[in-house]
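A quick write-up on the structure given underneath.
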There are 2 protein chains.
Amino acid sequence: MARPTPLSGFPEWLPDGRVVEQHVLDTLRRTFELHGFAGIETRAVEPLDQLLRKGETSKEVYVLRRLQEEGEDTDRSGQLGLHFDLTVPFARYVLENAGHLAFPFQRYQIQKVWRGERPQDGRFREFVQADIDVVGAGDLPYHYEVDLPLVMAEALGALREIGVPPVRILVNNRRVAEGFYRGLGLDDVEAVLRSIDKLDKIGPDKVAALLVAEAGATPEQARACLDLAAISGGDATVVDRVRALAATHGVESDLMEQGLAELRQLVEAAAVRAPGVVVADLKIARGLDYYTGSVYETVLVGHEQLGSICSGGRYDTLASDGKQTYPGVGLSIGVSRLVSRLISGGLVRATRGVPAAVLVAVTSEESRPASDAVAAALRARGVPVEVAPTAAKFGKQIKHADRRGIPFVWFPAGDEDGAVDQVKDIRSGDQTDADAATWAPPAEDLHPRVVPAT
Amino acid sequence: MARPTPLSGFPEWLPDGRVVEQHVLDTLRRTFELHGFAGIETRAVEPLDQLLRKGETSKEVYVLRRLQEEGEDTDRSGQLGLHFDLTVPFARYVLENAGHLAFPFQRYQIQKVWRGERPQDGRFREFVQADIDVVGAGDLPYHYEVDLPLVMAEALGALREIGVPPVRILVNNRRVAEGFYRGLGLDDVEAVLRSIDKLDKIGPDKVAALLVAEAGATPEQARACLDLAAISGGDATVVDRVRALAATHGVESDLMEQGLAELRQLVEAAAVRAPGVVVADLKIARGLDYYTGSVYETVLVGHEQLGSICSGGRYDTLASDGKQTYPGVGLSIGVSRLVSRLISGGLVRATRGVPAAVLVAVTSEESRPASDAVAAALRARGVPVEVAPTAAKFGKQIKHADRRGIPFVWFPAGDEDGAVDQVKDIRSGDQTDADAATWAPPAEDLHPRVVPAT
């Protein structure tokens, strides 16, 4: 087999990169569990007809076929595809298991997903998502729309210490946008949202032209939509500015008022619980066409061009079985996008790529059992240990440790009377007597850590 | 959407089942890391031609196709399939990244794999494997063939406390079998192994007939093969019995002697490091046709009919790029098979299906921020907490906790002078004053635990 080359869009990490990814995943999991989210996993596949319920994603789906089936009918019924997100499988899981779940049901789910898109920077064909959602049976109180982005703020904030940049969570509310547009007299809300969504890409003049051409707006209505989109801020004055703008245009809307009350509650709670993180941004339109209340996007400060690393929103109908409706709210972190930037951008580094804190040297193959016994004693007290692969010269064994980043090398005493084990910190060269029943490395050396690359 | 039904062969767990699976995975990971194995993940897909290098697995592979490609040529070049094990991807990863890895390279890998087989009890189409392997560049000392099954013995042994039955690791050695057969005059070693592999299914008489019919054996040679297969035991006398049998038949073989010396070393080390777990069993034939040294199978004691839950062996050529050969030895745990038996067989149970140890009650929606503040104080000290979904009557909130298995309900004091918070153990009914800055649940209630179901 010739040396294989990577597949574009299917990222893999070297062991020290995996240490970074694993640290991120462990941190997210810990935060999610502190907030009471239960971990679940769903199978990687769903029936194709379920994956295609939203027509616009059809081009991204990977369809599965057993090799021996090839050449058979390509009838879609019964065909399976790889899931492209964790929301569709979660909605199906809720319906399938509703009788066994206690509602509101809070779950986190950290899994790979697949999309057959053209790979680009930060956009992969296989990537890890970390989702939290809460789903109610029949109803779901608004406060979860406040709570969930704040859980994500805490989870991402817990990564600050390893060198992850601060995040900014941008929030908007479907009710505000829809109420405002309808109050202006624009009833094709989806068309307005699609135009506003292009603001960052094509600028306000072209968006104004689009609003006129595609959403049936007058130039004045288009201007009002752009004025709304220009409003943003991290405190409740945002609400006052929207209201003032609405008054200017004679807009009166109960729907907008409900949305503004919600937005105020979110911004005010966020100012207390995660100061400086959450910003109301009325130009956020992506997702407003299918979410029904709050909508969220998250940028890494200083890496805005990477796009959102954590998005989501509120669905009044996450799932429905005809009898019962399940509203939900959730967010999804693009873990691979984040980790890829951390590693490729040189923002963080792992202190080592192997778990072992200690390499136990082997004096001769005959005395390997003595080295194994030292290793067992250290492991019994939680110290990760490797035993040297061969009884090479000690200089070579130390080099072996050094190449792996293992900080300590242990020398078993051997059989001479009064001989005692010794351990060497190969970074400083310090070598001291040691007892495998009591010695431990400093806490910061026990496991690989992830630190800012500086 | 009507209520969906499970897909056969694609197991999913309810939240309390996932607690069991997660505990198993965490325990395996911890043991692997204590032994210095670095965690890696590989992409779920490999080029189809790589997956099909061993012809006999072709029927199991799931081939991927982007939906929009359907109808195009079914040319295999460039096609991707889901991996059916973690060994093929690991071999590819080693070749691809050899320049960045330190050898011998020890890695663990815990991921889902897919096989399009007919589902049965303990046999799935999507399942989790947990693999450890060590791979050398050019050479790999024999002692790793001793070490690796003992790491698995420790990992599986660490699950005993939750109610997992003890395991028995059955070992054999290709060199012993091949040396013995060739010494007897049987040169079609693969044919002999294929016949011996059917022993449990069809019994010795039919195997003897097969050996005569398919491996060209005389009845006497067939009898000798069956006598070898009948030898098993947990100490070095096994080696003596093989040697005595060989002498009876005039078998002399350096290859067999090398294999016996290896087998003795393994059995003797295992008797010290994992007493009672490892048994040499000369009838183990599965895998001997492609492994080149040791081969391992593992049964759950009392659940032998489930089949092996942890198998593996030694490859002299795990991978090769033409210039360098990479020998390896490893084992793979069938996590889904194990977990499925634990859950479906009622062997273990989770103490609860949600992470939260405490539900903070909400007196009124106006005072929700006070409940959120209690929750934040508890979480800051590592206590997983949920806040009640609504300000229902306390009785209803307690019932909400009870339905989820949350052991404690916290009542914030409210605004009255001198009022203090209280916490109730809803199992005993005990209610005491408490301070969110200092109170913690008993250690055994802090996280969901997995315990024997008894």
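From the backbone N, Cα and C atoms, a Cβ is placed for every residue, glycine too.
TrEMBL names A:ASP85, A:LEU86, A:THR87, A:GLN129, A:ASP133, A:ARG286, A:TYR290, A:TYR291 as L-histidine ligands; from the candidate set A:ARG115, A:ARG118, A:ARG123, A:ARG273, the record adds A:ARG115 to that same site. Looking at A:39-64, A:299-324, A:429-454, the range annotated in TrEMBL as region 'Disordered' turns out to be A:429-454.
The C-beta environment of A:THR87 (L-histidine binding site), restricted to residues of the same chain at least 6 apart in sequence and closer than 8 Å, consists of A:ASP131, A:ASP133, A:LEU318, A:GLY330, A:SER332. The binding residues for L-histidine are recorded as A:ASP85, A:LEU86, A:THR87, A:ARG115, A:GLN129, A:ASP133, A:ARG286, A:TYR290, A:TYR291; their greatest pairwise CA distance is 21 Å.
For the domain 'Aminoacyl-transfer RNA synthetases class-II family profile' (A:15-355), the predicted model reports an average pLDDT of 93. In the compositional bias 'Low complexity' (A:434-443), helix, strand and coil residues by DSSP number 1 helix, 0 strand, 9 coil.
Within 10 Å of the C-beta of A:ARG286 (L-histidine binding site) we count 18 further C-beta atoms, all protein chains included.
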